[in-house]
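What Swiss-Prot lists as domain 'ATP-grasp' is 121-316. If you look up Swiss-Prot, you'll see 147-202 marked as ATP binding site, on the strength of sequence analysis. Look at Swiss-Prot and you will find 270, 283 tagged as Mg(2+) 1 binding site. Per Swiss-Prot, the feature Mg(2+) 2 binding site maps to 283, 285.
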């Protein structure tokens, strides 16, 4: 595991004028999705960092009806640390937007697109960006035909879950049918795509710039939920191990993916490299994890940006254009 920590960079304090301009900030965390526990960890880390930087910030554990979050708000803007359905799929963004409350991250359409892995791939494909061949699967009876069309191994995933929840690797039509049934219990829409054999990379994006890429390796079959948040044997490579030209190509691809979906301010793009050296887009995360295992803070640190500065820079983009603070 990487020995990067948030504490190796000098303490960061937001400028007093910026603190005044931001007003009171509510960090929304928790939620009712399958990623609730991860979101609570992210939200608590973000809240502590904002407070450490001098921002007037409070935490809000969001559960139940999202419409209630804007009833008589006692805050000026929201830092969204909700992962998964409700908080990352455009729903909360629409509610806050209608209420006139500024919020961090991507707007409604980009959030909804990025949360839908199948439609994200349609956009990538339509824009000529490389993404593994795929099919939408709606019944067990399609397993034989999908294997005939795509070959094996394959990745099976619920189309609207994050944090690698529900993802399986399969090597036959029988395994695909079983994996489909498991994924369908989590989501009405199931995505099947060709499995790319090779190293995995992730590129974090901040204010339309790519941070240093991170190479990922794990003793698990792939970078799954346990490897992301629980395991101590996950290895992070910073520098990522690619030649400089290849890392630049990787970063440009990540920026292209972020832009074609219309995302803003910050996010993370997951990419595979095959044995021939070609890169393949997997997905875009518009509210990535911000825990002690999370990748965006690691990439920021490699760029000389402390965790406190990172969250303040994300938050600063909620200010109206023309405000110089």
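Using N, Cα and C of the backbone, Cβ positions are placed for all residues, glycine too.
Quantities reported herein were computed from a predicted structural model and do not represent experimental measurements.
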Out of 270, 283, 285, give those binding-site residues positioned within 10 angstroms of residue 175 (ATP binding site), comparing C-alpha atoms, in sequence order. none
Reduce the DSSP letter at residue 147 (ATP binding site) to three states and note it down. helix
So of all those binding-site residues, 270, 283, 285, which one's Cα sits nearest to residue 182 (ATP binding site)? 283
Count, for each of the binding-site residues 175, 270, the other C-beta atoms lying within 10 angstroms of its own C-beta, and report the residue with the smallest count. 175
Nearest to residue 270 (Mg(2+) 1 binding site) by Cα distance: which of the binding-site residues 147, 189, 196 is it? 196
Around residue 196 (ATP binding site), which residues of its chain at least 6 apart sit with Cβ under 8 Å of its Cβ? 132, 272, 273, 274, 280
Residue 285 (Mg(2+) 2 binding site) has its Cβ surrounded, within 10 angstroms, by a count of other Cβ atoms equal to 24
Cβ proximity for residue 283 (Mg(2+) 1 binding site), under 8 A, sequence spacing 6+, ordered by residue number, returns 114, 117, 120, 269, 270
About how far apart, in whole Å, are the alpha carbons (Cα) of residue 161 (ATP binding site) and residue 285 (Mg(2+) 2 binding site)? 11
Residue 285 (Mg(2+) 2 binding site) to residue 189 (ATP binding site): how many Å between their Cα atoms? 18
Over the domain 'ATP-grasp' (121-316) the mean pLDDT stands at 92
Among 147, 154, 182, 189, the most crowded of the binding-site residues [Cβ within 10 Å]: 154
For residue 189 (ATP binding site), just give me the three-state DSSP call. coil
DSSP-derived structure type at residue 182 (ATP binding site), helix or strand or else coil: helix
Row residue 168 (ATP binding site), column other C-beta within 10 angstroms, all chains, value 18
